[in-house]
Structure formats: structure tokens, C-alpha cells
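Participant: My questions all concern the structure below.
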Amino acid sequence: KKSFSSGLTAMEKKLAEYKCNTNEAIQLKLVRFPEDLEDDNTTFNPEYSHQVFGDDEVAFGYKGLKILLYYIAGNLSTLFRIEYTSKVNEKFDCVEADDVESKIREIIPPGFCTNTDDFVSLLEKEVNFKPFGMLLHTYSVHNEEAGEDITYQIYKADMTCPGFREYHERLQTFLMWFIETASFIDVDDERWNYFLVFEKYNKDGATLFATVGYMTVYNYYVYPDKTRPRVSQMLILPPFQGEGHGAQLLETVHRYYMSSPTVLDITAEDPSENYVKLRDFVLVKLCQDLLCFSPGKLVQGFSQEMVMEAQQKLKINKQHTRRVYEILRLRATDMGDAEQSRSYRLDVKRRLIGPYKKKQRELAKMRRCLRPEELTNQLNQIDLNMQHEQLEESFQQLVSDYRRVLERLAQA
């Protein structure tokens, strides 16, 4: 009996060596030059792989597993290869290795290369790749490494652009690796708008374009004759993150819709924390010069005038306008002054406590119509424990987020 159990652990140990973390195994590249293929500095890894490889983010059955997904920087033609140093063998180990290839094939479109030579010969044709759609905005960012300004362009595209459908299929595979709850959209629905960011770069005297990131926006219909664009997905590819492209993209998209008389306001679907910070920055930047946000008016509190002006001129909804107001009012408030800071704190806390007040009203209603034992059930579900500490904590967190927005604004 004893020898059997120790044999099992040895077997388990052996099998454990055949587990690979898929976030490390997947190696992504955006390739501009043939030498990028050998350069580890151009490799980046996913943040997530649970949608493809399960919650453990593990592939079983290989040692030294590498899942290579290399993309040509512009049109995103793909090289997909799997490499490993060893693989479990059904005959000897009585276990089967995960079918990694078919898992990846489920999310990448067909027509990829499987060997490097084919990929490199596609790279030579990259000079013919041009961005899709209509140019909306050009901007430049100073690059320390290169010691020069690099030019970027933002385009609006749609499925009628030749080649765009296939390109978008390749582009959206990145969502799986960088957005936790990503899903692919129904591209046959014509209400989608696509906004793309490209970098211009030089190669052998020619100007080429590299994909930097993109945003999808869905145009909801609002009775009788308006639309309400809703940002669905937004991704700046990792090699370009932290350079301000997200803010450029969001501002450009906002300006695009602002110029349309049929747009009511712009919203977002289930926004991440980072997106909210980005949006705060962009909206405050757009709003700071509106008359309704002058320091004299900010001190008087949040007003209907602010709601109207932000919606009419900038297509910003009431909830977002309220945040903009709080950020701009913080800038106009001397938090070292007891009276000013108390007035600001009360104003923000009154908003924070709103949802809890609403719950209390609902409870009061329930008390009138429920039997006592039902009520305790309901009470357990609705936690009224929004005590002062919690409120204070939310307030402090908000103020520190707001300060970061203001710091970024001061540098812009």
C-alpha cells in the first residue's frame, strides 16, 4: 500500500513539471523589421488568458511551451507557431497533453502563417498597407529613445472599407489577452463605429503605418431621432501604453460625435477603473473652459446650467458632468481652508450617500408590508452599514483620484 502512494506522488511531481503558465507561454510581437523576430525586447505577454485556457491559465502536457503569435505591425498578418522542449506521451504517461493549437485557432482567424520564411516575405509587402477609413486627427509625441517626434493618426473606419473586415478579425484577437471580460462583436450590425490609431514610421525611405490601438462604439437609437453612442471596447496595445494615446483617442472620438446634431450624449459600457480615470481627464480637459464651470459658479454648487451646457456643447451626460464638476471644484478649493474644505466635503458626500438613502427608503417601505421574519432576510441582503468611516474612505479615495486627474491636466 505504502509504495503505491509514494509512486503516485512521484508521478504527480513528474506531471506537475508539464504545467505551463499560459500568460508566460504566449509570446506576442508587433513586427516591423525582420530583426524584430529575434529581438526579445519586442516581445510582450498577455495580461489574461483565462478565456482561452480556463481560470487557472495553465496548459498541461508540455515543458518549455512557447505559443508564438507574431503580427506584422500594420496589417496584422499573423505567424502562429507552437514550440516546446518536451511533451507528455500517452503511451508512457497515460495522460494526454492539452490541444493548445485548436484553442488558439478558435480565436485567431484562418489564413495565418506557420513558418517564419512566409511571414518575412509578407513583411516585404507591408509597404502597401494604408490605414482604413477617414482621417480624423493627427498628433505627435516626442520619443526620448528615438530623440524625435513621432506622428500618429486616428481614423474612423467601417465594414465597407476594403480589407477592413479581415483586418478587424485579426485586431480583435488582442482583446482576449488584455481585457478581462472581452467578447467579439457582431460586425454585421451596421451601428458599430470603429476608431483606429496608427503610428507613421520610416523603413528604407518609405512611410509605413503601425497599428497602435482602437475603440469600438455602438450607436444606440434614442426616440425619436437621436443616437446615444456607447463606447464598448478600447485597447491601446502594450508597446504603446502610457504614452497618452488613450486620451488622444477618446478626445478625438468625443469631438467626432460632438459635431453631430443627432447625438444626445456619449456613454460607456461597463467601464474599467483605468477607463474612468482616462475619461475624467478627457472630459475635464474639454469642460474646463465652459462658462458654467468658472470658479465663481463652482463654489455655488452643481447646477442645471452645468448639465445643460455640457450636454449641448460636449455631449456629456449628467452623471459624468457631476464628476467633472467635483474635479474642477476641487481645483478651485483651498483644502487648507477649514470652511472651504468642509463645504467641498459635504457636497461630495451628499452625492455618495444618495444610493444608501434610497436603500433606506426602500427598507422603510418593506417594514410597512413585510412580516418580521421576512424583513430580517431582506435586511441581511441590504447592508446599511454605510457608516462614517466607509463614507470618509470613499471620499478620500475619490479626492486622490481627482488630484491625479488635475496633476495630469496641469502637465497637458
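Every residue gets a Cβ built from N, Cα and C, even glycine.
Copied straight from TrEMBL:
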type	residues	note
DOMAIN	18-180	domain 'Histone acetyl transferase HAT1 N-terminal'
SITE	Trp192	site 'Interaction with histone H4 N-terminus'
ACT_SITE	Glu269	active site, proton donor/acceptor
DOMAIN	279-330	domain 'Histone acetyltransferase type B catalytic subunit C-terminal'
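If you look at the structure here, what lies around each of the features I listed?
Facilitator: Sequence-distant neighbours of Trp192 (site 'Interaction with histone H4 N-terminus'): residues of the same chain at least 6 apart with a C-beta under 8 Å from its C-beta are Asp158, Met159, Ile185, Asp186, Thr216, Val217, Tyr218, Asn219, Ser232.
Cβ neighbour count for Glu269 (active site, proton donor/acceptor) (all protein chains, 10 Å cutoff from its Cβ): 12.
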Participant: With DSSP as the yardstick, break the domain 'Histone acetyltransferase type B catalytic subunit C-terminal' (279-330) down into helix, strand and coil residue counts.
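Facilitator: Output for the domain 'Histone acetyltransferase type B catalytic subunit C-terminal' (279-330) reads 41 helix, 1 strand, 10 coil.
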Participant: On the 0 to 100 scale, where does the mean pLDDT of the domain 'Histone acetyl transferase HAT1 N-terminal' (18-180) fall?
Facilitator: 94
